Amino acid sequence: MPEAGFQATNAFTECKFTCTSGKCLYLGSLVCNQQNDCGDNSDEENCLLVTEHPPPGIFNSELEFAQIIIIVVVVTVMVVVIVCLLNHYKVSTRSFINRPNQSRRREDGLPQEGCLWPSDSAAPRLGASEIMHAPRSRDRFTAPSFIQRDRFSRFQPTYPYVQHEIDLPPTISLSDGEEPPPYQGPCTLQLRDPEQQMELNRESVRAPPNRTIFDSDLIDIAMYSGGPCPPSSNSGISASTCSSNGRMEGPPPTYSEVMGHHPGASFLHHQRSNAHRGSRLQFQQNNAESTIVPIKGKDRKPGNLV
(Lines of atoms letter the chains of each structure in order from A and count residues from 1; the text may use other names and numbers.)
(Lines give C-alpha, C1' and ligand atoms only; values in the text may rest on other atoms or scores of the structure.)
Protein backbone atom coordinates (compact mmCIF):
# COMPACT_ATOMS: atom_id res chain seq x y z
CA MET A 1 0.00 0.00 0.00
CA PRO A 2 2.69 2.53 0.74
CA GLU A 3 4.35 1.78 -2.58
CA ALA A 4 1.10 2.40 -4.55
CA GLY A 5 0.58 5.77 -2.88
CA PHE A 6 4.14 6.80 -3.67
CA GLN A 7 3.69 5.99 -7.37
CA ALA A 8 0.50 8.10 -7.55
CA THR A 9 2.29 11.00 -5.92
CA ASN A 10 5.12 10.73 -8.42
CA ALA A 11 2.62 10.72 -11.26
CA PHE A 12 1.14 14.07 -10.15
CA THR A 13 4.50 15.59 -9.31
CA GLU A 14 6.30 14.44 -12.46
CA CYS A 15 7.03 17.25 -14.91
CA LYS A 16 5.33 16.68 -18.27
CA PHE A 17 6.70 19.80 -20.05
CA THR A 18 9.44 22.12 -19.07
CA CYS A 19 9.03 25.68 -20.30
CA THR A 20 11.90 27.81 -21.57
CA SER A 21 11.67 29.90 -18.50
CA GLY A 22 12.13 26.76 -16.32
CA LYS A 23 8.50 26.41 -15.32
CA CYS A 24 7.23 22.86 -15.20
CA LEU A 25 3.85 21.73 -16.49
CA TYR A 26 2.56 18.66 -14.66
CA LEU A 27 -0.36 18.07 -17.05
CA GLY A 28 0.15 17.13 -20.66
CA SER A 29 -3.17 18.72 -21.61
CA LEU A 30 -1.68 22.12 -20.96
CA VAL A 31 0.68 21.75 -23.89
CA CYS A 32 -0.61 22.93 -27.31
CA ASN A 33 -3.99 23.89 -25.99
CA GLN A 34 -3.89 27.38 -27.67
CA GLN A 35 -3.27 29.01 -24.30
CA ASN A 36 -0.08 30.50 -22.95
CA ASP A 37 0.37 28.37 -19.87
CA CYS A 38 4.13 28.88 -19.61
CA GLY A 39 3.92 32.63 -19.78
CA ASP A 40 6.48 32.89 -22.60
CA ASN A 41 4.34 30.95 -25.11
CA SER A 42 6.92 28.19 -25.30
CA ASP A 43 4.29 25.49 -24.83
CA GLU A 44 2.64 26.55 -28.12
CA GLU A 45 5.75 26.87 -30.31
CA ASN A 46 6.20 23.29 -31.49
CA CYS A 47 2.56 22.54 -32.16
CA LEU A 48 2.31 21.34 -35.79
CA LEU A 49 -1.45 21.19 -36.28
CA VAL A 50 -2.43 24.31 -34.38
CA THR A 51 -1.84 27.89 -35.67
CA GLU A 52 -0.18 30.18 -33.25
CA HIS A 53 -2.30 33.13 -31.96
CA PRO A 54 -1.12 36.33 -30.32
CA PRO A 55 -2.10 36.94 -26.76
CA PRO A 56 -5.60 38.42 -26.25
CA GLY A 57 -4.22 41.61 -24.64
CA ILE A 58 -3.12 42.95 -28.06
CA PHE A 59 -6.68 42.75 -29.45
CA ASN A 60 -8.07 44.55 -26.44
CA SER A 61 -5.65 47.51 -26.81
CA GLU A 62 -6.43 47.96 -30.52
CA LEU A 63 -10.18 47.89 -29.86
CA GLU A 64 -9.88 50.52 -27.18
CA PHE A 65 -7.84 52.81 -29.51
CA ALA A 66 -10.45 52.57 -32.29
CA GLN A 67 -13.25 53.36 -29.85
CA ILE A 68 -11.41 56.45 -28.63
CA ILE A 69 -10.91 57.77 -32.20
CA ILE A 70 -14.59 57.28 -33.08
CA ILE A 71 -15.76 59.09 -29.95
CA VAL A 72 -13.45 62.07 -30.62
CA VAL A 73 -14.66 62.44 -34.23
CA VAL A 74 -18.35 62.31 -33.24
CA VAL A 75 -17.91 64.91 -30.51
CA THR A 76 -16.04 67.26 -32.89
CA VAL A 77 -18.76 67.05 -35.55
CA MET A 78 -21.49 67.75 -33.01
CA VAL A 79 -19.67 70.82 -31.69
CA VAL A 80 -19.23 72.26 -35.22
CA VAL A 81 -22.91 71.73 -36.08
CA ILE A 82 -24.09 73.38 -32.86
CA VAL A 83 -21.85 76.43 -33.43
CA CYS A 84 -23.12 76.87 -37.01
CA LEU A 85 -26.77 76.67 -35.92
CA LEU A 86 -26.27 79.21 -33.15
CA ASN A 87 -24.51 81.63 -35.51
CA HIS A 88 -27.28 81.31 -38.11
CA TYR A 89 -30.08 81.97 -35.66
CA LYS A 90 -28.17 84.86 -34.13
CA VAL A 91 -27.70 86.61 -37.50
CA SER A 92 -31.31 86.05 -38.57
CA THR A 93 -32.63 87.38 -35.27
CA ARG A 94 -30.43 90.48 -35.50
CA SER A 95 -31.59 91.24 -39.05
CA PHE A 96 -35.23 90.75 -38.06
CA ILE A 97 -34.85 93.19 -35.18
CA ASN A 98 -32.98 95.81 -37.25
CA ARG A 99 -35.40 95.73 -40.22
CA PRO A 100 -38.18 97.87 -38.59
CA ASN A 101 -35.57 100.30 -37.29
CA GLN A 102 -34.06 100.73 -40.75
CA SER A 103 -37.45 101.28 -42.40
CA ARG A 104 -38.42 103.83 -39.74
CA ARG A 105 -35.08 105.60 -40.13
CA ARG A 106 -35.53 105.75 -43.91
CA GLU A 107 -39.01 107.20 -43.56
CA ASP A 108 -37.72 109.84 -41.16
CA GLY A 109 -34.71 110.60 -43.33
CA LEU A 110 -36.64 111.22 -46.55
CA PRO A 111 -37.88 114.75 -45.67
CA GLN A 112 -34.54 115.58 -44.04
CA GLU A 113 -32.27 114.49 -46.87
CA GLY A 114 -34.50 116.01 -49.55
CA CYS A 115 -37.58 114.82 -51.38
CA LEU A 116 -36.96 113.03 -54.65
CA TRP A 117 -39.68 115.00 -56.44
CA PRO A 118 -40.13 118.41 -54.75
CA SER A 119 -43.32 120.31 -55.38
CA ASP A 120 -43.41 123.46 -57.48
CA SER A 121 -44.45 125.62 -54.51
CA ALA A 122 -41.68 124.39 -52.21
CA ALA A 123 -38.65 124.79 -54.47
CA PRO A 124 -37.77 125.00 -58.18
CA ARG A 125 -37.54 121.68 -59.98
CA LEU A 126 -34.07 120.23 -59.86
CA GLY A 127 -32.12 118.66 -62.70
CA ALA A 128 -31.70 114.95 -63.31
CA SER A 129 -28.29 114.89 -61.63
CA GLU A 130 -29.52 116.73 -58.53
CA ILE A 131 -32.58 114.65 -57.71
CA MET A 132 -30.79 111.34 -57.36
CA HIS A 133 -30.79 110.07 -53.77
CA ALA A 134 -27.44 109.48 -52.09
CA PRO A 135 -27.54 106.82 -49.34
CA ARG A 136 -26.18 107.56 -45.91
CA SER A 137 -22.68 106.51 -45.01
CA ARG A 138 -23.85 104.13 -42.31
CA ASP A 139 -26.23 102.40 -44.71
CA ARG A 140 -23.35 101.25 -46.89
CA PHE A 141 -22.34 98.67 -44.33
CA THR A 142 -25.80 97.36 -43.49
CA ALA A 143 -26.73 95.69 -46.77
CA PRO A 144 -25.53 95.45 -50.39
CA SER A 145 -26.55 98.06 -52.93
CA PHE A 146 -29.09 95.90 -54.76
CA ILE A 147 -30.90 95.18 -51.46
CA GLN A 148 -30.99 98.91 -50.70
CA ARG A 149 -32.47 99.63 -54.13
CA ASP A 150 -35.08 96.92 -53.61
CA ARG A 151 -36.07 98.28 -50.21
CA PHE A 152 -35.90 101.94 -51.21
CA SER A 153 -38.01 101.41 -54.35
CA ARG A 154 -41.08 101.11 -52.12
CA PHE A 155 -40.76 104.77 -51.11
CA GLN A 156 -40.24 106.14 -54.62
CA PRO A 157 -43.25 107.57 -56.50
CA THR A 158 -44.22 105.85 -59.73
CA TYR A 159 -44.84 109.20 -61.45
CA PRO A 160 -43.47 111.62 -62.49
CA TYR A 161 -40.27 110.20 -63.94
CA VAL A 162 -37.41 112.35 -65.14
CA GLN A 163 -39.28 114.63 -67.47
CA HIS A 164 -36.52 115.21 -69.99
CA GLU A 165 -36.69 111.51 -70.89
CA ILE A 166 -40.39 111.72 -71.84
CA ASP A 167 -40.69 112.80 -75.48
CA LEU A 168 -44.18 114.24 -75.93
CA PRO A 169 -45.44 116.42 -78.79
CA PRO A 170 -46.22 120.05 -77.98
CA THR A 171 -49.78 120.84 -76.98
CA ILE A 172 -51.61 123.23 -79.32
CA SER A 173 -54.89 124.79 -78.24
CA LEU A 174 -57.37 125.05 -81.12
CA SER A 175 -60.47 127.19 -81.17
CA ASP A 176 -63.93 125.81 -81.90
CA GLY A 177 -64.47 124.78 -85.50
CA GLU A 178 -60.80 124.56 -86.47
CA GLU A 179 -59.32 121.50 -88.04
CA PRO A 180 -55.94 120.50 -86.57
CA PRO A 181 -53.12 120.35 -89.12
CA PRO A 182 -51.58 116.94 -89.84
CA TYR A 183 -48.82 116.37 -87.35
CA GLN A 184 -45.56 115.25 -88.97
CA GLY A 185 -43.13 115.80 -86.15
CA PRO A 186 -41.67 118.78 -84.31
CA CYS A 187 -39.42 119.72 -87.27
CA THR A 188 -42.21 120.34 -89.80
CA LEU A 189 -44.74 121.82 -87.37
CA GLN A 190 -45.17 125.56 -87.96
CA LEU A 191 -47.17 127.90 -85.79
CA ARG A 192 -48.98 130.73 -87.56
CA ASP A 193 -50.05 134.12 -86.38
CA PRO A 194 -53.81 134.85 -86.09
CA GLU A 195 -53.98 136.77 -89.41
CA GLN A 196 -52.47 133.92 -91.40
CA GLN A 197 -54.72 131.43 -89.65
CA MET A 198 -57.85 133.46 -90.48
CA GLU A 199 -56.78 133.77 -94.10
CA LEU A 200 -56.14 130.05 -94.26
CA ASN A 201 -59.61 129.39 -92.85
CA ARG A 202 -61.13 131.60 -95.56
CA GLU A 203 -59.21 129.71 -98.22
CA SER A 204 -60.54 126.38 -97.05
CA VAL A 205 -64.18 127.42 -97.67
CA ARG A 206 -65.63 125.26 -100.45
CA ALA A 207 -67.16 127.26 -103.37
CA PRO A 208 -70.10 126.24 -105.59
CA PRO A 209 -68.99 123.86 -108.36
CA ASN A 210 -70.35 126.04 -111.22
CA ARG A 211 -68.25 129.12 -110.46
CA THR A 212 -65.12 129.84 -112.46
CA ILE A 213 -63.05 132.90 -111.58
CA PHE A 214 -59.89 134.21 -113.10
CA ASP A 215 -57.16 134.70 -110.58
CA SER A 216 -54.03 136.55 -111.57
CA ASP A 217 -52.25 135.48 -108.40
CA LEU A 218 -52.61 131.82 -109.23
CA ILE A 219 -51.36 132.39 -112.77
CA ASP A 220 -48.27 134.19 -111.51
CA ILE A 221 -47.54 131.57 -108.86
CA ALA A 222 -48.01 128.71 -111.31
CA MET A 223 -45.68 130.32 -113.83
CA TYR A 224 -43.11 131.12 -111.13
CA SER A 225 -43.02 127.74 -109.40
CA GLY A 226 -43.81 125.50 -112.35
CA GLY A 227 -45.60 123.01 -110.14
CA PRO A 228 -49.18 122.34 -109.07
CA CYS A 229 -51.22 125.37 -108.01
CA PRO A 230 -51.42 126.06 -104.27
CA PRO A 231 -54.70 127.02 -102.62
CA SER A 232 -56.16 130.31 -103.87
CA SER A 233 -55.90 133.47 -101.78
CA ASN A 234 -59.46 134.43 -102.77
CA SER A 235 -62.57 132.89 -101.27
CA GLY A 236 -64.19 130.30 -103.53
CA ILE A 237 -61.24 129.67 -105.85
CA SER A 238 -60.65 126.07 -106.93
CA ALA A 239 -57.09 124.72 -106.53
CA SER A 240 -57.60 121.17 -107.82
CA THR A 241 -56.76 121.87 -111.45
CA CYS A 242 -54.90 124.68 -113.18
CA SER A 243 -54.81 125.21 -116.94
CA SER A 244 -52.16 127.06 -118.86
CA ASN A 245 -54.21 130.23 -119.23
CA GLY A 246 -54.94 130.46 -115.50
CA ARG A 247 -58.52 129.13 -115.53
CA MET A 248 -59.46 127.23 -112.37
CA GLU A 249 -61.89 124.35 -112.78
CA GLY A 250 -63.48 121.85 -110.38
CA PRO A 251 -64.17 122.02 -106.63
CA PRO A 252 -61.37 123.17 -104.34
CA PRO A 253 -59.51 120.58 -102.25
CA THR A 254 -59.90 120.37 -98.51
CA TYR A 255 -57.35 121.70 -96.08
CA SER A 256 -56.22 118.24 -94.95
CA GLU A 257 -55.58 117.15 -98.57
CA VAL A 258 -53.54 120.27 -99.31
CA MET A 259 -51.49 119.95 -96.13
CA GLY A 260 -51.01 116.20 -96.68
CA HIS A 261 -49.54 116.61 -100.20
CA HIS A 262 -47.78 119.94 -99.64
CA PRO A 263 -46.96 120.44 -95.94
CA GLY A 264 -44.90 123.58 -96.62
CA ALA A 265 -46.90 124.98 -99.53
CA SER A 266 -49.30 126.98 -97.39
CA PHE A 267 -46.59 128.95 -95.65
CA LEU A 268 -44.74 129.51 -98.96
CA HIS A 269 -47.95 130.58 -100.63
CA HIS A 270 -48.68 133.18 -97.97
CA GLN A 271 -45.26 134.72 -98.42
CA ARG A 272 -45.55 134.76 -102.19
CA SER A 273 -49.16 136.02 -102.16
CA ASN A 274 -48.17 138.90 -99.88
CA ALA A 275 -45.29 139.80 -102.21
CA HIS A 276 -47.52 139.58 -105.30
CA ARG A 277 -50.25 141.56 -103.59
CA GLY A 278 -47.80 144.39 -102.80
CA SER A 279 -46.42 144.41 -106.34
CA ARG A 280 -49.96 144.33 -107.74
CA LEU A 281 -51.00 147.36 -105.68
CA GLN A 282 -47.93 149.26 -106.85
CA PHE A 283 -48.63 148.31 -110.44
CA GLN A 284 -52.26 149.38 -109.99
CA GLN A 285 -51.20 152.84 -108.80
CA ASN A 286 -48.86 153.31 -111.74
CA ASN A 287 -51.20 151.97 -114.38
CA ALA A 288 -54.68 152.81 -113.13
CA GLU A 289 -56.20 152.93 -116.61
CA SER A 290 -57.16 149.35 -117.51
CA THR A 291 -55.97 147.00 -114.76
CA ILE A 292 -58.30 144.11 -113.95
CA VAL A 293 -58.46 143.48 -110.22
CA PRO A 294 -60.73 140.83 -108.70
CA ILE A 295 -62.80 142.21 -105.81
CA LYS A 296 -62.61 140.44 -102.46
CA GLY A 297 -65.55 140.31 -100.14
CA LYS A 298 -69.02 138.98 -99.91
CA ASP A 299 -70.52 141.33 -102.55
CA ARG A 300 -68.16 140.24 -105.31
CA LYS A 301 -69.82 138.70 -108.36
CA PRO A 302 -68.26 136.87 -111.31
CA GLY A 303 -67.18 139.23 -114.03
CA ASN A 304 -67.06 142.43 -111.88
CA LEU A 305 -64.10 144.41 -113.03
CA VAL A 306 -62.68 147.72 -111.83
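Quick reminder: no glycine exception, Cβ is built from N, Cα and C everywhere.
Here is what Swiss-Prot says about this protein:
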type	residues	note
COMPBIAS	296-306	compositional bias 'Basic and acidic residues'
DISULFID	C19-C38	disulfide bond
DISULFID	C32-C47	disulfide bond
REGION	286-306	region 'Disordered'
MOTIF	252-255	motif 'PPxY motif 2'
TOPO_DOM	86-306	topological domain 'Cytoplasmic'
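Shown here: features listed in Swiss-Prot, placed on the structure.
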residue: C19; record: disulfide bond; CB count, 10 Å: 17
residue: C32; record: disulfide bond; CB count, 10 Å: 17
residue: C38; record: disulfide bond; CB count, 10 Å: 21
residue: C47; record: disulfide bond; CB count, 10 Å: 13
Practice problem: Let me know the DSSP-derived helix, strand or coil state of C38 (disulfide bond), please. | Solution: coil
Exercise. Pop the Cα-Cα gap between C38 (disulfide bond) and C32 (disulfide bond) into the table, whole Å please.
Key: 11
